[in-house]
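Worksheet for the structure shown next.
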């Protein structure tokens, strides 16, 4: 290949340079690989630090923690939405959800150094669970329901698809963005492969601000409770 390209290939030399770099010299399931993800549960000591676990153990511990959160808050939040959505209305549930998420996010973020102490871990988990409860008894549910109701019939499926795709894109940006933003400001304490961020505390404050902005945008959403799809889209003519 080097004769065809008439260039000297330096693949072997580059490979040796990579192997000599101790930051890149680890196996697939070594302790260093899962250290690329900074989990908020590790920050409060609810699960071990990533560096102390292999890849499989870390996945198990995070899955167990997330399952407990789901059973105690996420799933009940959805059922509360099912029970009250035609009583309270979509607008009220979404507004309440964003408001409570803002409150609990700030309640976690501002006294963050208090919550990471060993004696306060249970309180942190409770606050974290309530945030998820009101996320699902709030915008996580209503943002799927409202787009299916308020758009005109001829555009409903298309506009609902656009709304859903936008929501998924926002979730991707939020998930990956938090990994980078939550990195410590001190570059010597960041996880391997990540640049310095703004820290977990400031990242949680930022999420609280985003929740507050979502609450403000809720005032632009019409209330479809008790109305037919034709009435919402303005496609019916009322006979006098």
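Even glycines carry a Cβ here, placed using N, Cα and C.
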Listed range which TrEMBL flags as transmembrane segment, given the options 184-202, 203-221: 203-221
Distant-in-sequence neighbours of the transmembrane segment (203-221), which means Cβ under 8 A and at least six residues beyond its ends: 90-91, 94-95, 98-99, 101-102, 105-106, 108-110, 112, 139, 146, 150, 178, 181-182, 197
Beyond the flanks of the transmembrane segment (91-110) by at least 6 residues, Cβ under 8 Å: 81, 84-85, 124, 127-128, 130-131, 134-143, 146, 201-202, 204-205, 207-208, 211-212, 214-215, 218-219, 221-223, 225
Distal contacts, the transmembrane segment (67-85) - CB-CB under 8 A, six or more residues away: 93, 125, 128-138, 140-142, 145, 225
